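What Swiss-Prot says about this protein:
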| type | residues | note |
| --- | --- | --- |
| SIGNAL | 1-18 | signal peptide |
| DISULFID | C25-C39 | disulfide bond |
| DISULFID | C32-C43 | disulfide bond |
| DISULFID | C38-C50 | disulfide bond |
Amino acid sequence: MQIKTVLLAFAMFAALNAQHVLAACAETGAVCVHNDECCSGACSPIFNYCLPQ
């Protein structure tokens, strides 16, 4: 029974990470609030748009 719990926990962890990786990101110039919303990983804190890489 314990191995089933470990396998279930691993499957849930993998599924949650896959959703984050597969989520669409915003292109350069798109409106953003956080860095992780942009494909480049950089959101302007003053103007709230995605910066180029």
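Keep in mind that glycine also has a Cβ here, set from the backbone N, Cα and C atoms.
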Least surrounded among the disulfide-bonded residues, given as C25, C32, C38, C50, when other CB atoms within 10 Å are counted: C25
Distance from C43 (disulfide bond) back to C50 (disulfide bond), taken between C-alpha atoms, in Å: 5
Minimum Cα separation from C25 (disulfide bond), reported as the residue among disulfide-bonded residues C32, C38, C43 that achieves it: C38
Which of C39, C43, all disulfide-bonded residues, has a Cβ with the fewest other Cβ atoms inside 10 Å: C39
C32 (disulfide bond) and C38 (disulfide bond), Cα-Cα, nearest whole angstrom: 7
